[in-house]
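Asks: Sharing a structure with you now.
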Amino acid sequence: STLISSFANRSLDVADLVSLSGAHTFGVAHCPAFEDRSSRVRHNPAIDGKFATALRNKCSGDNPSGTLTQKLDVRTPDVFDNKYYFDLIARQGLFKSDQGLIDHPTTKRMATRFSLNQGAFFEQFARSMTKMSNMDILTGTKGEIRNNCAVPNRRVRTSRPPSPARGDRR
């Protein structure tokens, strides 16, 4: 419910939440980000036992600075598809927030639908991405279109034009 209200505060609805979470069909997470899912709890019905054991085995021991990672989608980690939702139904969601989609009555129906109908997932994902891409657009000097999203573009001075090169007759 916290995610539902967080999304609602940004004018995004439950369909947006469930479909945009499907982006977790790609990518990895560092072990510390999901250690709450793989902790040594005797029986945690919120996670598949074998999956929890595999996560625990992978992330325990020598893990300097949390460098070990786990793929977010255990079935098809390098394909954009609806198998992420199968992971959730099988109780193999890496994050609590992901697994919560199949456990919460408001989101369960849509997550299940996306597991059964990849086309419906793709259509809603496209609508939700478009909706999200139009939110809080920064223009002018407040924003920039980056060449590399992780690195701010180099700032260029525009206060005065560059001086002409020697021999240039402007």
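Glycine too: its Cβ is placed from the backbone N, Cα and C atoms.
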Asks: Which one is it, Cys59, Cys149, that Swiss-Prot ties to Cys31 with a disulfide?
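Replies: Its disulfide partner, as Swiss-Prot records it, is Cys59.
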Asks: Need a hand: Swiss-Prot gives Asp73, Thr76, Asp81 for Ca(2+), which of Thr25, Thr130, Thr139, Thr141 is also on that list?
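Replies: That Ca(2+) site, as Swiss-Prot gives it, pairs Asp73, Thr76, Asp81 with Thr25.
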Asks: Which one of the recorded positions (Asn9, Thr76) has its C-beta surrounded by the most other C-beta atoms within 10 angstroms?
Replies: Thr76
Asks: How many neighbouring Cβ atoms, not counting its own, are there within 10 Å of the Cβ of His24 (heme b binding site)?
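Replies: Around the Cβ of His24 (heme b binding site), 21 other Cβ atoms lie within 10 Å.
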Asks: Among the binding-site residues listed here (Asp73, Asp81), identify the one with the smallest other-Cβ count within 10 Å.
Replies: Asp81
